[in-house]
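A.B. asks: Residues or ranges marked as active site, proton acceptor by Swiss-Prot on the basis of sequence analysis: ASP92. Taken from Swiss-Prot, the feature active site, nucleophile covers ASP265. Positions annotated as substrate binding site by Swiss-Prot: ASP92, SER93, GLY94, GLY95, PHE96, ASP146, GLN188, GLY215. Marked as Zn(2+) binding site by Swiss-Prot on the basis of sequence analysis: CYS303, CYS305, CYS308, HIS334. Per Swiss-Prot, the feature region 'RNA binding' maps to 246-252, 270-274; the stated evidence is sequence analysis.
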Amino acid sequence: MFQFEIQATCSNTGARCGCFHTPHGPVTTPRFMPVGTLGTVKGVTTSQLAETGAQMVLSNTYHLHLQPGEEIVADAGGLHRFMGWDGPMLTDSGGFQVFSLGDLNRIDDEGVDFRNPRNGSRILLTPERSMQIQMRLGADVAMAFDQCPPYPATENDVAEACRRTHAWLGRCADAHQRDDQALFGIVQGGCFPHLRDLSARTVASFNLPGIAIGGVSVGEPVEEMHQIVRQVTPLLPADRPRYLMGIGTLREMAVAVANGIDMFDCVLPTRLGRHGTALVGGERWNLRNARFRHDHTPLDPNCPCIACRQHTRAYLHHLIRSEELLGLTLLSIHNLTHLIRFTTAMGQAIRDGCFSEDFAPWEPSSRAHHTW
C-alpha cells in the first residue's frame, strides 16, 4: 500500500526524485507540504489549495485533539472528509507543540503531563495516546511521538531526549494498528554528531515506511542544520522517503535535496502571506511598501497562481494597506504556489540531469530571473 520509488538521481549530488504512493494518491518528490494545523491551511480553501499544486497536507494531532477532538473528526469519516481534502495527508504527533508549552508539569518515560490551555484541565499525552488519536484522525501518515530538545541544550539533556525518543518509537510501533496508515519515525540528537548517528541508526532499525529528521530549525545556526542533514541522510534507508521537518526556505530546501531529502513542511508561506509578504524569486517583498502603489504589473510574471494571473502589485498593495482579508488569502496562495513550484522544478532538474548546475549550490541572487 505504501511504496516509495526512486525515478531519477543526480550524478553529482545526493539528490533524487521519486514518488511516494499512499491510499489517497501519489506524492511526487521532492515535495513541499503545506501545513493545515487545525484541518485548514490558514486563509485558503481546499479548492484553492489544490490549485497551488499541493499534494500532501499536514495537520496537527495536539491541536485537533484539543479542538474539535478526534471523536468528531472520526465521526465525520476521518480528517480527509472532515476538511474536504481528498489528497494524501500527514499528522504530526503533537510532541513538538507539547514540548513548546511553558506550563509543563512532568516529562518522564511515561509521557508528557501538561495543562490544557483552553480549559486548564490536565492531559497526559503518551506514545500510545498519540497513536490512538492519529489512528482516529485517519491521515495517510502518522508521525511517532518524540521528544524534541530545545536549542541550546546540554549533551546530557539531548542524550536523554534521544533515549526517550527511541523507547517511545518502540511503543508507537506496538500501538499503531492501521494498515492503511504509515508510521514514520523521527531522528533526534540535537547538534551532537554522535547522538545524531545513534538516533539515525536506531530509528532506521525499525524498518518503517519513512523517516523524518526532527529537532532542526529550532534556533541552531543554519550551517549546523546543513551538517546534520549531510551526516544523517546517508544513514537512512535509500528506499524510503526522507522528511526534513519544519523547513521551507528555498536555499535550505535546495541544500537538503542535494543531500538526499525528499519532503518538507513549514508554516512560513502562509504566515508571511498573513503579514503582507510575498515570496518572489529568492526575495521577500513587503507589499505594504509604497513602491508598489503605482506598479500595475503582475507580482511574479512566471507564476501561474490567481494572485499573479489576475491581479497586480498595486492591487495587492491596496488590499494589504486596507487590511482586506482577500489580500492575505492571495499572498498565501502565491507563497504556497511559489514553494511547491520550486520543489517541483528541482525534481524536473534531477530528471533532466541539470540539478547540480541549477540548484546546488543555490543562492537567491543567482535565481532572480527564475523560470520555475
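Even glycines carry a Cβ here, placed using N, Cα and C.
Predicted, not measured: the structure shown is a model, and the values here were computed from it.
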A.B. asks: Around the Zn(2+) site formed by CYS303, CYS305, CYS308, HIS334, which additional residues qualify by having Cβ within 8 Å of the site's Cβ center?
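C.D. replies: The answer, listed by sequence position, is PRO298, LEU299, ASP300, PRO304, ILE306, ALA307, ARG309, ILE333, THR337, HIS338.
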A.B. asks: Drop a 10 Å sphere on every Cβ of the binding-site residues CYS303, CYS305, CYS308 and tell me which sphere holds the fewest other Cβ atoms.
C.D. replies: CYS303
A.B. asks: Using DSSP, would you call HIS334 (Zn(2+) binding site) helix, strand or coil?
C.D. replies: helix
A.B. asks: When you rank ASP92, ASP265, CYS303, CYS305, CYS308 by Cα distance to GLN188 (substrate binding site), which of the recorded positions ends up on top as the closest?
C.D. replies: ASP92
A.B. asks: Whole-number answer please: how many Å between the C-alpha atoms of CYS303 (Zn(2+) binding site) and ASP265 (active site, nucleophile)?
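C.D. replies: Rounded to the nearest whole number, the Cα-Cα distance is 21 Å.
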A.B. asks: Can you break down the region 'RNA binding' (270-274) into helix, strand and coil residue counts using DSSP?
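C.D. replies: Residue counts in helix, strand and coil order: 5 helix, 0 strand, 0 coil.
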A.B. asks: Using DSSP, tally how many residues of the region 'RNA binding' (246-252) sit in helix, strand and coil.
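C.D. replies: Final tally across the stretch: 3 helix, 0 strand, 4 coil.
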A.B. asks: What's the most sparsely packed of the recorded positions ASP92, ASP146, ASP265, counting other C-beta atoms within 10 A?
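C.D. replies: Least crowded of the recorded positions ASP92, ASP146, ASP265, by Cβ count within 10 Å, is ASP265.
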